Amino acid sequence: MEKGHCMTYAGALATFPKLRRELSELGFPPILLVLLAANSNSDENFGSSDEEHFFDYTETKPKGVNVALIGRDTARYLWDKSQHGDFRVIRMIQDEGPWNRDRTSVWNRFRIALAWSILLPLMVVSVYFIIQSIRVSGQFVNVQVLIFSAAFIFLLGNIVAPISTTQTRVQVYVRYISWLCAYPCYCWVILSWANIIKKTQSPRFLLVMWAVTYTGVTCMFLFAVINITITVYPTVFATGLKKWVSLTLVPVVLVTQGGLLLFYGLRFLAYIRESVLFSNIQLALRKLTVLSLGTFIGFLLFAVCTTLNQSMLHSPPWVMTLRSLLYNLTSFVMVILVFWVVRIHDSSMLVYHKQTQATDSTKSDHKRTARLTRTVPQRFSQFERSYSNLTFVSAVAPPVPAADPLRGMSAKNISTQSVDSFSTGVTQCGSPDSFFSSHQRL
């Protein structure tokens, strides 16, 4: 590896047939053992699948030849000695090492069984939701189908390429492609929620949310590209950049994004508790606030897993089990959160449902308000109190089944009348923004 400047074990073993032929021509006996240098020294827990570029080395491993991994300091010592001809014979004592023992241990079987037992049922559920969304909407491509498909790909990636195990190149590609499918969709769900509550926050709220979210997506894209590139061209610079991104950039971005969601989620929860809102609206908005709390905890645990992945401390094998447990359980909870939020009710904030034609005098308004119902999540009725007077805010929407009280608000039909002059008639308000006009922004 030193002489050929090989950065992977497969690359080093690919040159072995030529080297063996040259040594045979010089009269050397057949080679039965190949020593490969690890990325860590012998006094550390070298040999971790997260530290070494194993990938598909078994495909180029010569038949009848054993392969041993030694510490980098030992490999350097032997290399220097061989250049000066200080010795001719080396005695090797076999030691399977902590990582080989871990790969055949009960803990490794536990990690694999855990991933299959908690993630496979969610894959089945996601397929069911995809089919149901297509059947209800009559469209093969819509927002719900994309979200559930991204969740399916993410879960599939976790099963095909389980964390804390040796990965082939194909497994590495599957893992990070699944990340690139899932993380942007999850952020899109969060931004959709943030866009709804922006009227209750300061004007900078949505700007900060978009900035932090796009930073996170960019960071994850960079991290995925680096890991995929290393499988093909694992330079020293790329390996060092991967460690820096894993230990510094990714944890900081995840904790920042999760902390921001927690901060605004708690403030918004306090806002709806202090306001006079009907119970169905409070329930829906509380559920969306739970998403922020769950995202904070999930991103925090993902940050811990990422740090453990490239720890400078060369953690012992039991850390692999801890990281696998945290990662799979966190993935399970966050996918459940997405399913729960997207399915709060049939007319969620993420989809557009066809409006039924009314038979009353508001029929002509339905066509005018169809565009607004794409982004406004619920039909609501609410009392709004101000210091000067008491006003009543109501909304008129197309008739829907009584079992679904939160479906399809028509924002342009919001009307505001004083209590003294309130009558059965409904007049049209000028703008949907007037709903939040009298609320105090947090």
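Just so you know, the numbers here start at 1 and follow the chain as drawn.
Just so you know, glycine gets a Cβ as well, placed from its N, Cα and C.
Here is what TrEMBL says about this protein:
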TRANSMEM  110-131  transmembrane segment
TRANSMEM  143-164  transmembrane segment
TRANSMEM  176-194  transmembrane segment
TRANSMEM  206-232  transmembrane segment
TRANSMEM  244-269  transmembrane segment
TRANSMEM  290-313  transmembrane segment
TRANSMEM  325-342  transmembrane segment
Recorded stretches the transmembrane segment (143-164) and the transmembrane segment (206-232) touching, at least 3 CB pairs under 8 Å:
no
Rank 176-194, 206-232, 325-342 by Cβ pairs under 8 Å to the transmembrane segment (110-131) and hand me the top one.
325-342
For the transmembrane segment (325-342), could you work out the same-chain residues 6 or more beyond its ends whose Cβ comes under 8 Å from its Cβ atoms?
111, 114-115, 118-119, 122, 125-126, 129, 144, 147-148, 151, 154-155, 158, 163-164, 186, 189, 193, 287-288, 290-291, 294-295, 297-298, 301-302, 304-305, 348, 350
Same-chain residues near the transmembrane segment (206-232), Cβ under 8 Å, at least 6 residues beyond its ends:
53, 55, 169, 172-173, 176-177, 179-180, 183-184, 187, 190-191, 194-195, 198, 238-239, 241-242, 245-246, 249-250, 253-254, 256-257, 260, 264
